[in-house]
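Notes follow the structure.
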Amino acid sequence: MTTNYIFVTGGVVSSLGKGIAAASLAAILEARGLNVTMMKLDPYINVDPGTMSPIQHGEVFVTEDGAETDLDLGHYERFIRTKMSRRNNFTTGRIYSDVLRKERRGDYLGATVQVIPHITNAIKERIVAGGEGHDVVLVEIGGTVGDIESLPFLEAIRQLAVDIGREHALFMHLTLVPYMAAAGEVKTKPTQHSVKELLSIGIQPDILICRSDRAVPANERAKIALFCNVAEKAVISLKDVDSIYKIPGLLKSQGLDDYICKRFSLNVPEANLSEWEQVIYEEANPAGEVTIGMVGKYIELPDAYKSVIEALKHGGLKNRVTVNIKLIDSQDVETRGVEILKDLDAILIPGGFGYRGVEGKIATARFARENNIPYLGICLGMQVALIEFARNVVGMENANSTEFVPDCKYPVVALITEWRDEDGNVEVRTEKSDLGGTMRLGAQACQVSEDSLVRKMYGSTTITERHRHRYEVNNMLLKQIEAAGLRIAGRSGDDQLVEIIEVPNHPWFVACQFHPEFTSTPRDGHPLFAGFVKAASEYQKRQAK
């Protein structure tokens, strides 16, 4: 089957939810038996988001092959079964870097290197490579139509639609249709102007997704269709909903997938959305609720922990409970004390970098351990739990990580200095190495101890999880820590690195070096998060007695 492309753009304002809308459409097409993948093209100059501040950009989503990507790829994986890879996300910076490298090598044979055709050709090549082997590819263009940064991408997809034939390309434009309370009606003019901007670039949208806080009336959709030169049945109303998992059904009810399949001449079965209906039912009919405190340093922007937040919700679905997440700044724990952690049913410390707020996280881990509160530590959350145990149980005064105190007496967490690249070559890295692209990244095998709590949750002694870190447990001090009672519940496939720790005399204290949140989905959940939320429910019941 020839690969078909749906190019997704956004207009009027940012943060309309292009990623969610595109992923929801992909879920419907997948439910019709099509092999679907998605791509995100980001117009910023950074080569990837790996070194960008989470407060500015949100979380960095790590793929199985170790790419540091936009958080939208997390949405994609939560909505469709296809696993994303480094082919599914690239930036302006990556494109320019590749083109300039070719220019330095002389690949362009002395030609003047320009945005058109060299940059646009590079973009097209990456899109085609990312879509190979799939029936339908949804390509989301970051930013808003009208932004200078997006122009090379828009020109590239305009050209690509011509190259592959318009019978295999659709342009879907997401736009805002605001409701004006004073007039008592929605306004279509912003949408008309946004489409006009697209037309000036040479792109005629085939589908318009109209975002609004309410359903856009049929007469207004007809008006939009007339003035934007779009088929009336291709003007879709996408109102605000209380659950993003209702969006696939909302789009399907308006015949969006039928319209697309007809345009692409795809003779496929009707979509079966029963799995999504089950998710919606579980979300709407909880048997209880728990409150979980998440102690971090980027809490002013919840998107910095997007996958963790979603994974906690998925854990709630698997236990039929609503998970109320209380975001707590770790610096507040330092200044106000652990009293602010009271009345929580469980505590989670997610990943992070840098010393700010670390002592608050260490105090949090101690509070959870000493008060038998369920604890899940992820990445840095495992490292602070280890530091706390070393200080207060083993007796290693001022134990720390060399990330925070390079010359500390007890460096229980230290930099991994020898790494193997994707070709198997040994590469030495130090504190002076570049920050970008120099971490242990992607899916890594882990051997789980038979007698561990984690073994019961996973149901297996061999698991694979995604990583993003450059510091690890210092094996030189491990014997003393184990002798004091800490259980090493999981190690890397080569038995060299500690992956999971547990406190055996605690009802539920688990910490892992990997990031389980990246593989959690609403339909399948994740063993660790399901077990963690279950432990929170059980703790709540014990406290109520």
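Using N, Cα and C of the backbone, Cβ positions are placed for all residues, glycine too.
Residues Leu380, Gly381, Met382, Gln383, Glu403, Arg470 are given by Swiss-Prot as L-glutamine binders; from Gly337, Gly352, Gly442, Gly525, that same site also lists Gly352. Of the residues Lys40, Lys223, Swiss-Prot puts just one in the UTP site with Ser14, Lys187, Thr188, Lys189, Pro190, Thr191, Gln192: Lys223. Asp72 is the residue from Asp70, Asp72, Asp303 that Swiss-Prot records in the ATP site together with Ser15, Leu16, Gly17, Lys18, Gly19, Ile20, Lys239, Asp240, Val241. In this structure, the binding-site residues under consideration are Gly17, Gly19, and the one with the smallest number of other Cβ atoms within 10 Å of its Cβ is Gly17.
Per Cα geometry, Glu140 is the residue among the recorded positions Glu140, His515, Glu517 nearest to Asp240 (ATP binding site).
Following the DSSP three-state reduction, the secondary structure of Cys379 (active site, nucleophile) is coil. For His515 (active site), none of the binding-site residues have C-alpha atoms inside a 10 Å radius of its own C-alpha, out of Ser15, Gly17, Gly19, Asp72, Glu140. Within the group of recorded positions (Asp72, Glu517), the Cβ with the highest number of other Cβ atoms inside 10 Å belongs to Glu517. Neighbour density for Asp240 (ATP binding site): within 10 A of its CB lie 10 other CB atoms from the protein chains shown.
The most densely surrounded of the recorded positions Ser15, Glu140, Cys379, His515, judged by C-beta neighbours within 10 angstroms, is Glu140. Within the set of recorded positions Ser15, Gly17, Gly19, Asp72, Glu517, the entry lying nearest in space to Glu140 (Mg(2+) binding site) is Gly19 (CA atoms).
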